[in-house]
Every structure is written in C-alpha cells, then in structure tokens.
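Asker: Let me give you the structure first, and then I'll get to my questions.
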Amino acid sequence: MALLRAAAAELRRRARRSPLPLPPLSSLLSSPPSDPSPPAHCRHLISLRRYPHPASASAFSPDSLYARILLPSHFSPASPLSTSSSSQPADKPPPLTWVDSWIPEAARPYAMLARLDKPIGTWLLAWPCMWSITIAAMPGQLPDFKMLALFGCGAVLLRGAGCTVNDLLDRDIDNKVERTKSRPFASGVLTPLQGVGFLGFQLLLGLGILLQLNNYSRILGASSLLLVFSYPLMKRFTFWPQAYLGLTFNWGALLGWAAIKESLDPAVVLPLYTAGICWTLVYDTIYAHQDKEDDLKVGVRSTALRFGDLTKYWISGFGAACLGSLALSGYNADLGWPYYPFLCAAAAQLAWQISTVELSNRSDCNRKFVSNKWFGALVFSGILFGRLVS
C-alpha cells in the first residue's frame with residue numbers, strides 16, 4: 001500500500017513538472033482514434049478515457065433489446081436528447097367505403113363526384129319529399145310507394161348533379177380548403193369536360209324520372225334547376241348561402257304534394273317548405289363551421305362566419321321556427337295525434353344537436369350534421385302514423 005502511494009505521488013509530481021498539451025476542442029468531439037495507445041511522451045500517465053467496445057455501436061440502436069427495455073416508447077433516435085417526439089403522429093387513412101369495395105376503379109371518381117360514398121346529402125334532400133308525399137296521402141291510407149321510390153331515386157340523381165355543378169364551379173376554391181382538396185376536380189383526377197359529360201348523364205336520368213309525374217309537377221320540378229345551378233355562386237356574394245341551399249334542398253316539399261294532388265295547398269305546403277328551410281339553416285350552419293378558417297383565407301362567406309360566437313342563439317331560433325312550422329303544417333293537414341309525440345322527439349333530437357355541438361371541433365360538427373337523418377326520420381314517422389289514424 002505504501003509503494004502505491006509513493007508511485008501515485010511521483011506521477012503527480014511528474015505531471016506538474018511537464019503538463020500535457022491540450023488537444024483542440026474539435027478533436028475531443030470527434031470519434032476516438034483508431035489506435036487507442038497514448039503518445040510515447042505520456043505513456044507514464046494513466047488514461048481514464050474509455051474507448052467504445054466493438055459491440056457498443058449497436059447496443060443502443062432503436063431495435064436492440066436494451067433500447068426496447070430502457071428507452072421510452074416516444075424516444076426519437078433523430079433527437080436523442082429529447083424524450084418527446086417533435087412531430088404529430090400521422091393521420092389515419094380514411095376508412096374504406098362501399099364505393100372503394102364495389103365500384104370499378106375507372107368509375108370510382110364519378111361515384112365520389114356524386115358523393116355516393118356520403119349518403120347523408122341524399123337523405124337530407126329526400127326527407128322533405130317523403131314528408132310531402134305522405135302528408136298528401138288520403139286519411140287512413142299509406143303513402144304512394146311508387147312515388148316514394150321515384151323521389152328516392154330522384155334525390156340520388158339530383159343530389160349528384162348538384163354536387164357536380166358545385167365542384168365544377170368551386171374547383172379553384174376546393175384545392176385551397178383542407179376538407180375539399182381531394183375532390184375529383186380539385187385534385188385533377190377528372191377534367192371539367194369529363195364533369196360536364198357526367199352532369200349531362202345525370203340530368204338525362206333525372207328527366208326520365210320527371211316524365212313519370214303529372215304535367216304540373218314536371219313544370220314545378222324543372223324550375224328547381226335554376227336553384228341547383230345558381231346555389232354554388234351564392235357563397236361568393238352573400239353570408240346566407242345556407243338559406244339559398246334551403247330553398248333548393250326543400251323544393252321536394254312542394255313537388256311531392258304536387259305529384260299526388262296535381263296542385264298546391266299553401267296552408268299545408270308553405271309551412272312545410274318553411275320548416276325545411278329553417279332546418280337546413282340549422283344543419284348546414286353547423287356543417288359550415290368545419291371550414292370557417294379556410295373560408296376566411298379564400299374569401300368565401302357562410303352563416304358560420306356571419307353568426308360567429310352567436311351561432312347557437314341563431315340556430316336555436318331557426319330550430320324553433322322549424323318545429324313551429326311543422327306543427328302548423330300538420331295541424332292544417334288534419335294529422336292525427338301520433339304526429340305530435342314524434343314531433344316532440346324530433347324537437348329533442350334537434351335540441352341535443354344544438355346544445356352539445358362543439359363548433360370548434362370539426363369531427364363533432366360533422367357528427368351532429370350527419371345525425372340530422374334521424375330528425376328527418378322522426379318527422380316522417382310522425383306524419384305516417386298521424387295520417388293513418390286521421
């Protein structure tokens with residue numbers, strides 16, 4: 001032990017007498033030399049530097065056993081000094097729809113253009129037609145199923161034609177909006193010429209359905225095309241494009257009655273039409289809140305921007321007007337008592353939407369928007385049972 005102490009003291013004395021030159025800082029940060037032996041003039045010093053073991057290069061690679069045990073699950077090899085990843089996880093790809101599974105690949109862009117993968121728009125267009133056809137039925141009788149089927153097919157075609165017109169006119173806007181930039185025209189999958197040809201095909205099929213109706217209904221139905229073609233332009237000129245959409249989407253409230261009665265009864269159909277317009281202002285304002293940031297950037301308008309923080313007050317008022325108009329239409333049509341419990345259930349569904357929607361949450365806005373198919377179904381059920389017992 002005494003010999004060791006003496007040797008250590010001698011080493012310290014020699015080190016003070018001839019200090020080692022310090023290497024440059026860059027050499028200290030660089031990889032260790034291939035020859036680990038110290039220079040000849042300082043071999044008397046004990047080096048405390050540890051050279052890496054040949055296996056240590058892979059010991060803590062992300063796939064090694066040590067790494068899987070010791071490193072946190074969010075450890076990033078690109079930034080080893082941080083235990084949190086700087087990038088957000090990638091978005092999950094959208095789930096496959098029946099269009100992806102059943103439609104041939106060549107026809108898939110046209111199906112997407114007609115929104116066949118998103119049937120909620122067809123439901124929202126079809127329900128006012130179904131209401132009107134059913135309320136026009138004779139007391140105690142079921143509605144005309146042939147008319148229900150014709151108007152159901154017509155809703156698919158007219159909704160598809162409306163979406164085609166909308167995407168043709170908005171293709172320069174859609175490619176700037178996150179939710180719409182993957183649409184066929186905005187993404188370049190289809191050309192405008194192909195879109196015009198597809199639009200002609202849809203209108204031709206729609207004409208075949210319109211010719212099944214009486215002359216009064218043919219004229220009334222054809223007049224709706226003016227609304228269909230002009231609606232996409234409204235967001236450029238007014239903060240109320242949702243009201244114009246209401247005029248367009250609820251035209252079936254007039255047309256369904258006319259298809260059965262060959263006339264219009266203003267006491268019944270005008271409150272029904274008004275109810276549909278107010279309903280559209282509710283659901284499409286909620287829908288428009290998904291795009292309000294992008295709408296501000298590209299300069300288009302909507303009731304979501306018009307109402308702002310007061311949106312829930314506005315759509316509550318439109319919801320009340322919708323329900324009041326439905327009650328008035330049912331009363332004037334002499335619907336039986338079952339209509340009113342169903343109308344109360346529809347009111348509860350609408351109140352749930354308005355009270356719980358998170359207008360800053362895109363996915364929640366979309367969920368509430370899609371839930372409106374159940375509102376339409378409740379009103380239809382009330383009209384059906386109310387007519388059967390009247």
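Any Cβ shown, glycine's included, is placed from N, Cα and C.
What TrEMBL records for this protein is below:
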{"type": "REGION", "residues": "13-39", "note": "region 'Disordered'"}
{"type": "TRANSMEM", "residues": "120-142", "note": "transmembrane segment"}
{"type": "TRANSMEM", "residues": "148-169", "note": "transmembrane segment"}
{"type": "TRANSMEM", "residues": "189-210", "note": "transmembrane segment"}
{"type": "TRANSMEM", "residues": "243-260", "note": "transmembrane segment"}
{"type": "TRANSMEM", "residues": "272-289", "note": "transmembrane segment"}
{"type": "TRANSMEM", "residues": "337-357", "note": "transmembrane segment"}
{"type": "TRANSMEM", "residues": "369-389", "note": "transmembrane segment"}
Asker: Using Cβ distances below 8 Å and needing 3 or more such pairs, separated by at least 6 in sequence, tell me whether the transmembrane segment (243-260) contacts the transmembrane segment (189-210).
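Answerer: Not in contact, no.
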Asker: So if I exclude everything within five residues of the ends of the transmembrane segment (337-357), which remaining residues of that chain have a CB under 8 angstroms from its CBs? That is, six or more out.
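Answerer: Same-chain residues near the transmembrane segment (337-357) but 6 or more away: 282-283, 286, 312, 315-316, 319, 322-323, 326-327, 330, 364-365, 368, 371-372, 374-375, 378-379, 381-383, 385-386, 388-389.
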Asker: So which residues does the transmembrane segment (120-142) touch in its own chain, when a touch means Cβ under 8 Å and the partner is 6 or more beyond its ends?
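Answerer: Residues packing against the transmembrane segment (120-142) from afar: 148, 151-152, 154-156, 158-159, 163, 249-257, 259-261, 268-269, 272-273, 276, 280, 283, 329-330, 333-335, 369-370, 372-373, 376-377, 379-380, 383-384, 387-390.
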Asker: Same chain only, please: residues at least 6 beyond the ends of the transmembrane segment (148-169) with a C-beta under 8 Å from a C-beta of the stretch. Say none if there are none.
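Answerer: Residues packing against the transmembrane segment (148-169) from afar: 113-116, 121-122, 125-126, 129-130, 133, 183-186, 192, 195-196, 198-199, 202-203, 205-206, 209-210, 212-213, 224, 228-229, 231-233, 248, 252, 255-256, 259.
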